[in-house]
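In TrEMBL this protein carries:
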DOMAIN    9-133  domain 'Peptidase C39'
TRANSMEM  166-188  transmembrane segment
DOMAIN    166-445  domain 'ABC transmembrane type-1'
TRANSMEM  200-220  transmembrane segment
TRANSMEM  273-296  transmembrane segment
TRANSMEM  302-320  transmembrane segment
TRANSMEM  389-407  transmembrane segment
TRANSMEM  419-437  transmembrane segment
DOMAIN    478-688  domain 'ABC transporter'
């Protein structure tokens, strides 16, 4: 506490979350941006003022928003979050850390740096709104951000045996380079002057054997690194995917698909960083020390000037590292945005064609691609510049050493063999220095990728196996008592809802679009938690029931069918290696699916395409309803699940639901259609707030 905390936003919508992360860290609580996004309900549009305040309160702060004037900025406690309206039209948040000598110290999450700006400059963009944040009585310091370095160290530890072998092979491979240099000295200074052809032949044979040994060592090292790389890819990607599917539903509301899928390639970058970059740097460090020792052994007079080049390379590394810290994150963020644009366009291909907007959406993709390639080009140009600078420094050193060595040889202080050997060793000395400069990009790429991946993996999963009670039977009823709900940063959506759903009854929940019917489903299925009130099953708060157990008792037919890229059978009985074919056929007959299934070449084994693309909207909903009936859960929720069906199909679906009612199940139909009332025992009407 007491000093400015610099935090860079991960993408354009993260500025509010990054500002809150900075202020929170100032007071002693380090939070990952991803966690703040969750509590502030940050989405692709950004964070609302109310969302920032709600999130701050959730983490133990007192937080209030104000509309203020210039003079207030001098008086308010700091740090404070200011709301800006940029000249480009972009809404933005920054942190005000202090005012001194007429200059405001601003932490801008856009670049994650502290800027000193004049009051006039701020006032030209400040909307007048600010958020004041301070620790509450119950505030607790801590670090919830997770350590990237510790996670990487853990990965290295898990593969240390193989990595040590690969490193040992690499070090031995490096030694062969020194052996060759020393043999050149012996050949020039001893064997050639002696005129012994036999000795020259023996030396040549030894050099050939050294080359063969180096080839074998290189093959061994490469093979080990390939195996370790595959193992790391499997571990990292597998762990990420397993974690991803266990994250709460609200996590996905604030994330775009491309943003999440791009983390898969981040895992590959982490693997490359740990297996290739770090091992290369370790070898380079050994080579630098060893070559320095050999140079001093040959000629201390020439070795000392050679060491003067180290500060030059250190400066180049510092400059390159500072640039790559921002450049690599920018490349990854823009790459993820481009990937998301492509995914969005492919998924929406029909809507694009219907609206004749091919050019517009192609333009969106190419614009994102251009932005991505621009950042790649900038990084590549900078790498070329620093690489050329390092190469120039290396060549100048060679010229200096050649000049000094020639003078030493003329004076008789060194032999021709020693000069050639020293000249060869200089190449081994400058190579690791150049490697350090060029590795800056890979180092930053690896650490940024690790930060992005582990940020998601540090998110708290749903407590699927938590809960006090493991329910063993079907509930007699589900009761919603005085339930209210609002999304973080948004107004109240549900207020004082009271409903009961009983066994052996069909209950209809009707209302206009946007009144919160689907949100009610997410509360019952515990994808979200009520802001106030309670939902009970047989007088037991559903929050106390084991989550996995509770969801196993509920079958949901969503408004938008979620079909997988598999067969019809796999979609009706997902995850079952040996599904009950007889039961599946009976369900299909009930829903009138047999005719369209029979028309398909492979029947139930026919693929549905990605997202059910090969089926019509009504057919997709039939498969979705069939999946719910196959689950045979005691509670069935149909959330607008028949909206795309024709009249006959809807009649068959209603008849199937009546049959489930006769089995003593709780049936809840969410619909804005009046037709749903005709088969319902209870009817609830929801109104827009």
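Yeah, the Cβs are placed from backbone N, Cα and C, and that goes for glycine too.
Residues 200, 203, 206-207, 210-211, 213-214, 217-218, 220-221, 224-225, 228, 275, 279-280, 282-283, 286-287, 290-291, 294, 415-418, 420-421, 424-425, 428 of the same chain, all 6+ positions outside the transmembrane segment (166-188), place their C-beta atoms under 8 angstroms from a C-beta of that stretch.
Taking pairs at least six residues apart, the transmembrane segment (419-437) and the transmembrane segment (273-296) share three or more Cβ pairs below 8 Å and count as touching. Residues 152, 155-156, 159, 163, 166-167, 170-171, 173-175, 177-178, 181, 225, 228-229, 232, 302-303, 306-307, 422, 425-426, 428-429, 431-433, 435-436, 439, 442-443, 445-447, 449-450 of the same chain lie 6+ residues outside the transmembrane segment (273-296) yet bring a C-beta within less than 8 angstroms of a C-beta in it.
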